[in-house]
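Annotated features, as they stand in Swiss-Prot:
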BINDING   L6, C7, G8, G9, K10, G11, T12, R13, K23, T103, R108, G126  substrate binding site
BINDING   D127, D232  Mg(2+) binding site
Amino acid sequence: MKAVILCGGKGTRMSEVTNDIPKPLAMIGGKPILWHIMKIYQYYGVNEFILLLGYKGEKIKEYFLDYEWKHNSLTLDSSTGEVQMLGQPETWKITFLETGVDTLTAGRILQAKDYIGDETFLLTYGDGLANINLFHLISYHQTKGAAATVTGIDKVSQFGTLTVEDGMAKTFSEKTSSDGIINGGFFVLSPKVFDYLPKDGNTMFEDEPLKNLAKDGELAVYRHYGFWTAIDTYKNLLEVNKMWNQGQQVWKVW
């Protein structure tokens, strides 16, 4: 199963960092947010990733192209140029898709269609962390038999709010400020989801696609009661770094 990660946003609410790098490369404990997300997936056996790039996407490519030699001990034979890595390399296979700087999220996901094929896949945002059990999430999706499953979080937030009955979304409203179950990312999606994406891609996945999935009874909601956070502002970034430095890395399931 592949994990698709949305990495293209401009991160305007975190300009202290994102003037120079894309938000998924903002550091937590010396490693990018994106690295932490990928390690969560890796712990549950997901090693194939599709990164949907946009703003400063080349920085994400550079990070991973340089990753092994920067983060591992190595032996260099200067006479032959041969390099031997001494550490344990990551077993990731990463596809970097340039999806456009201003492309909306539905359009970014649509561009991944040819790389996903006819299999169920995982999707999340490049700024969200959770100690979610992906085995349970995937099993729940299979049990419900819906086209899509979203992780639902109990939180007062600026994120999308779901009305849920018997584990299925009845309505989806993006970015309200009321109490409720919010969109926590960490989706499981069947290829049927692509039928809900406009061919021009000119919309947010969190707008008409999710609303229509809910209306058609095709959006299941997996309730996660553990740790979850979205690193939406510089203050959020400082908070999770404080947690990391104090040994409270509750999302560190690996």
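The backbone N, Cα and C atoms fix where each Cβ goes, glycine too.
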Any idea which of the binding-site residues K10, K23, R108 has the thinnest Cβ neighbourhood at 10 Å?
K10
What is the Cβ neighbour count of L6 (substrate binding site) at a 10 Å cut-off, with all protein chains included?
23
Secondary structure of L6 (substrate binding site) (DSSP, helix/strand/coil)
strand
Binding-site residues: D127, D232 - member with fewest neighbouring CB atoms within 10 Å
D232
Would you kindly give the Cα-Cα distance separating D127 (Mg(2+) binding site) and K23 (substrate binding site), rounded to the nearest Å?
7
Roughly how many angstrom lie between the C-alpha atoms of L6 (substrate binding site) and D127 (Mg(2+) binding site)?
9
Need this for a regression test: binding-site residues G8, K10, T12, R108, filtered to those with Cα within 10 Å of D127 (Mg(2+) binding site). What's left?
none
How many Å lie between the Cα of D232 (Mg(2+) binding site) and the Cα of G8 (substrate binding site)?
14
